[in-house]
Amino acid sequence: MIRFVLFISCFFLIGTVVECNKDGYLMEGDGCKMGCLTRKASYCVDQCKEVGGKDGYCYAWLSCYCYNMPDSVEIWDSKNNKCGKGK
């Protein structure tokens with residue numbers, strides 16, 4: 001019984017430390033989507049992994065889209081679009 005409780009405790013601890021379930025477009029410092037039109041094929045995959053994501057691709061050769069990123073990563077959102085609005 002003690003082993004079962006320890007197993008469950010470890011399972012929940014691991015789940016709370018690294019939550020990687022966020023998908024979306026990577027965002028540049030100016031609030032715009034991270035472009036990939038003129039980049040090499042692995043650019044988006046590399047950028048996604050750099051922020052802790054599992055995988056990514058260049059969506060329609062325009063913007064980097066990532067899978068399974070940590071919840072702490074800020075992603076582009078059409079509702080809060082700051083692109084081109086200045087800081």
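Glycine too: its Cβ is placed from the backbone N, Cα and C atoms.
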### Query
Swiss-Prot annotation: CYS64 disulfide-bonded to which of CYS44, CYS48, CYS83?
CYS44
### Task
Look at the disulfide annotations in Swiss-Prot and name the partner of CYS58 from this list: CYS36, CYS48, CYS66.
CYS36
### Query
For CYS83, which disulfide partner does Swiss-Prot record out of CYS20, CYS32, CYS48?
CYS32
### Message
Identify the disulfide partner of CYS48 as annotated in Swiss-Prot; candidates are CYS20, CYS66.
### Response
CYS66
### From disulfide-bonded residues CYS44, CYS48, CYS64, the one whose Cα lies nearest CYS83 (disulfide bond)
CYS64
### Task
Based on DSSP, name the secondary structure state of CYS66 (disulfide bond): helix, strand or coil.
strand
### Message
For CYS32, CYS36, listed as disulfide-bonded residues, tell me which one has the smallest number of other Cβ atoms within 10 Å.
### Response
CYS32
### Task
Find the one among the recorded positions CYS32, CYS36, CYS58, CYS64, LYS85 whose C-alpha lies closest to that of CYS48 (disulfide bond).
CYS64
